[in-house]
């Protein structure tokens with residue numbers, strides 16, 4: 001059964017400054033518990049804002065280091081989930097359920113990618 | 001049953017609905033079985049709900065909570081069925097006699113109830129009135145969400161055989177009046193043991209698959225792992241459930257490393273440990289810690305000390321005490337020793353030897369003893385290990401087991417007794433079940449003809 005990485009991308013400019021609402025956290029918590037109990041969720045977490053992040057870049061044989069926030073990027077990774085699913089359709093179904101826990105004012109993109117095994 | 005409509009297979013809408021159904025079907029069947037008390041009928045009613053979804057969702061859109069929608073439809077039909085049966089019974093018995101009616105469950109169901117139903121379904125599918133083969137097929141079908149065709153392919157068995165097996169299993173459950181319940185009486189431990197064994201059997205079937213096999217065969221490992229993780233969530237206070245989950249996480253972590261580029265098996269000793277899956281190892285460690293934490297406490301001793309090798313001689317406790325780790329937890333603890341070692345040589349062999357000793361007190365077996373001998377040879381050198389192996393020479397169970405002479409040959413070679421070692425390797429080669437292994441053993445026999453080096457020192 002393949003593993004899928006779902007990269008949860010958000011727009012930090014439109015995301016609520018105070019963070020997710022308690023109701024969202026509640027719904028999300030319940031869903032994650034359900035996915036975990038089903039034996040599907042292997043690991044998941046949210047990330048701290050890009051203001052606390054750092055980009056380490058390799059180009060032309062040189063390293064450059066840039067501290068966040070990454071204001072020039074519209075979408076930044078805000079969290080991730082690693083799920084073991086029968087197929088991509090199943091990974092997408094769980095991802096849809098995850099997105100539906102959000103309020104309508106959110107803009108979130110989940111990029112679902114299969115993890116190369118071996 | 002109603003006539004089947006013909007939805008267009010393979011369209012995106014149909015695929016999405018079938019995916020939802022596969023996710024929901026174990027809980028759906030479980031919830032309906034509680035009403036109709038028959039897994040066969042419950043499965044049919046669940047299928048009816050799928051048919052209803054295939055008819056309506058493409059037109060009306062997928063409901064916000066598709067699982068609840070499917071459950072509501074299936075429960076509705078189940079309640080109808082129970083009512084019809086009651087009416088029938090009432091007519092038969094004539095009016096005037098009070099009939100004990102089955103209390104119909106309230107809606108909506110509590111999530112906790114659904115978990116209970118799911119657990120009942122697990123115990124029903126793994127009931128000892130069924131043969132081991134029937135239990136595995138029924139478990140994969142009802143709880144793993146596999147189709148009959150998929151189970152047949154995975155077990156290299158013709159589809160009609162599996163279909164028959166499942167039909168018969170359902171009939172047996174009905175005719176033997178197997179209660180839809182989680183056992184709490186004196187047979188609880190044995191019944192739980194049966195559930196764990198079914199999951200382990202499924203895993204091993206997948207683990208035994210080779211590279212050329214249909215991908216569904218190795219896929220059984222993940223099916224089993226998923227069932228084990230599910231069970232861990234449903235029975236969080238049962239240490240052996242966490243023990244089994246932990247064991248399977250560890251074994252699965254080695255999947256990529258256990259076959260070579262041409263599909264040949266790679267022994268633990270020779271595996272590239274960088275290819276072990278670190279996340280699965282971490283999950284194995286977490287599950288093992290849970291198993292350890294949920295043991296009934298015997299004393300004030302710290303729970304984490306329970307699996308340590310310095311725990312003392314298990315024999316002095318006079319048989320497995322009720323709080324001792326069970327066989328799956330012990331095997332998980334052994335697997336953890338391997339997982340935590342960066343090389344074969346750096347492994348905590350003394351601890352593994354102790355854990356095998358504990359395992360032997362619970363499930364005595366010459367194979368466990370042979371494994372213990374290997375661990376002792378790594379911890380204390382070949383001589384004490386040879387003493388253990390020599391006690392196994394007369395074991396009828398190991399008479400045709402190539403690993404006995406293979407291990408003995410290895411120990412003799414390390415002791416510098418190359419002539420005897422050669423005989424053992426040749427004997428092992430004659431018993432080996434595949435060409436690759438035979439070639440390897442003959443090469444080792446040949447090695448023994450070379451001039452003798454210094455004997456292996458105990459801690460090399």
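Glycine is no exception: its Cβ is also placed from the backbone N, Cα and C atoms.
Where the annotation comes from TrEMBL, it is an automatic prediction and has not been curated.
Residue ranges B:297-327, B:328-358, B:359-389 are listed, and TrEMBL annotates B:297-327 among them as region 'Disordered'. Per-class residue totals from DSSP over the domain 'RNA polymerase sigma factor 70 region 4 type 2' (B:123-173), listed helix then strand then coil: 36 helix, 0 strand, 15 coil. Each residue in the domain 'DUF6596' (B:191-291) has a pLDDT score, and their mean in this model is 90.
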